[in-house]
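Trainee: Take a look at this one; I'll ask things after.
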């Protein structure tokens with residue numbers, strides 16, 4: 001998409017923050033309007049995260065206008081809301097390539113721009129990193145300022161509160177901006193509150209506040225009286241007591257869509273000492289009515305026609321693995337009132353919408369709190385219930401100690417339904433489910449299952465749910481199932497694989513949903529094909545039988561080769577002194593960038609053609 005100067009005359013003047021700061025203040029509302037329209041035009045043509053960016057247009061303009069970026073360091077939490085930031089920092093003409101193979105990264109990325117101070121993708125990291133950056137800036141002594149922008153969802157995570165607690169202790173000079181888009185602008189975010197925010201952030205108030213502290217520091221009763229008086233004045237109109245108790249100077253809430261008001265407040269706060277907290281209220285999807293009404297649906301969008309106000313409906317083809325899980329969950333819950341389902345803020349993505357409506361008293365969205373989710377499940381299991389933690393592979397990493405310490409060591413029957421395992425596509429390095437087999441396989445007595453299709457997925461979920469000797473995990477990918485018939489649910493024998501095809505000389509041991517591609521290769525090379533099903537415990541007897549009757553083995557998985565299922569096969573063969581050549585096919589030892597799942601599998605040699613080429617080259 002070429003940039004239309006006539007359509008966006010003010011935005012055309014801004015291809016860097018230096019150019020932005022040359023604009024007169026009175027032109028900034030027009031710039032915000034054009035930036036919002038350009039974002040709508042661009043993302044509707046290319047796909048991407050949408051509603052969050054619409055809500056942060058004014059904030060982005062104000063921050064870059066007031067602060068001397070990139071010298072001053074601006075950190076975005078998660079990064080869904082950072083599209084306007086990318087547009088204003090030299091990437092305007094490339095925004096149509098975002099999330100595409102070889103295009104702009106879906107989130108702020110240090111390797112892409114000097115304006116991207118912190119590479120992000122997972123939530124709640126900004127304040128911790130910001131403290132470190134602020135401390136480094138203080139030691140540098142160049143008066144460099146640090147700003148963190150965090151959303152109302154991300155700030156619920158424990159890591160954010162750990163960071164704020166530390167900031168209150170060491171008191172670095174930094175600003176945390178809370179972008180609160182959970183509700184529309186309420187009555188208390190009006191003229192009075194905006195005026196109060198500017199007053200409380202102004203130099204006169206700050207000077208009196210700090211001067212008073214020094215003067216009366218030796219008179220404890222008066223110092224305490226002044227502190228309480230200030231708290232009462234603020235408490236009458238602002239909800240910031242928690243942040244004040246953590247050691248921040250709280251300002252807000254203010255209208256996050258008043259760009260000129262934001263600039264005034266930010267200028268007042270820029271030179272304040274110690275940790276500052278600015279609470280702004282925004283509306284997710286601002287400026288595009290369908291997104292304002294349904295910000296969840298418009299959070300991330302495919303290509304769509306903005307004039308229709310609707311996203312394209314799915315073709316009604318095969319169900320996704322998330323839906324397969326959600327249907328199984330509802331079916332099982334209807335038969336067993338001990339079932340409890342937990343998700344860390346991933347209801348829609350994990351296929352749990354229907355369950356949450358049908359069984360609200362057994363559905364727990366714990367917000368962005370993966371560690372709590374796992375230990376909460378442990379408590380439910382101790383109480384005699386059957387907890388299921390539905391979580392993305394990349395987010396389970398955040399609760400690794402809880403899986404080990406709170407679940408596995410105690411042999412608690414918690415089922416982990418691990419979605420988005422393997423290559424996820426457009427979200428890139430931070431979201432690939434590349435490591436779960438490796439980091440779970442080393443946990444004693446953990447049962448790990450890798451279904452090759454949707455029927456096996458259901459059977460494995462059923463098997464894991466009824467496994468009472470410890471934790472179990474079923475990992476399945478993002479995307480649609482393959483269309484096999486669903487058979488009645490039954491428990492699978494733990495640790496047993498099945499031979500799908502008998503061939504000669506070469507055997508392919510497949511783990512997971514690359515099975516259709518592996519089957520094509522087996523047919524082409526007349527190889528034996530085994531659906532291993534279990535990564536732990538491995539079917540050692542079957543592995544040894546196959547090794548004894550074949551000249552070479554190939555393992556296939558959509559997980560990091562290092563420490564993955566193939567590594568487990570190698571360990572079995574070495575332990576039994578079976579010197580059979582083994583080729584491990586899986587994800588390589590680097591972080592996999594964005595692109596469609598099909599593009600990345602082809603590039604990494606995980607489609608049928610790539611696998612066959614690797615095997616032939618290895619055998620040659």
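The backbone N, Cα and C atoms fix where each Cβ goes, glycine too.
So Swiss-Prot lists these for the protein:
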type	residues	note
BINDING	80, 121, 122, 123, 153, 154, 181, 288, 370	thiamine diphosphate binding site
BINDING	152, 181	Mg(2+) binding site
Trainee: Quick check: in three-state DSSP terms, what is residue 370 (thiamine diphosphate binding site)?
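Mentor: DSSP call for residue 370 (thiamine diphosphate binding site): helix.
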Trainee: Is any of the binding-site residues 80, 122, 181, 370 within 10 Å of residue 152 (Mg(2+) binding site) (Cα-Cα), and if so, which, in sequence order?
Mentor: 181
Trainee: Return the count of C-beta atoms lying within 10 angstroms of the C-beta of residue 153 (thiamine diphosphate binding site), excluding that atom itself.
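Mentor: Its Cβ shell of radius 10 Å holds 20 other Cβ atoms.
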Trainee: Do you know which of the binding-site residues 80, 122 has the most other C-beta atoms within 10 angstroms of its C-beta?
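Mentor: Of the binding-site residues 80, 122, the most buried by Cβ count within 10 Å is 80.
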Trainee: Please identify, from the binding-site residues 152, 370, the residue with the sparsest Cβ neighbourhood, meaning fewest other Cβ atoms within 10 angstroms.
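Mentor: Counting other Cβ atoms within 10 Å of each of the binding-site residues 152, 370 gives the minimum at 152.
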Trainee: In sequence order, which residues at least six apart in the same chain have a CB under 8 Å from the CB of residue 181 (thiamine diphosphate binding site)?
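Mentor: Expected: 52, 55, 151, 152, 256, 281, 282, 283, 284, 295.
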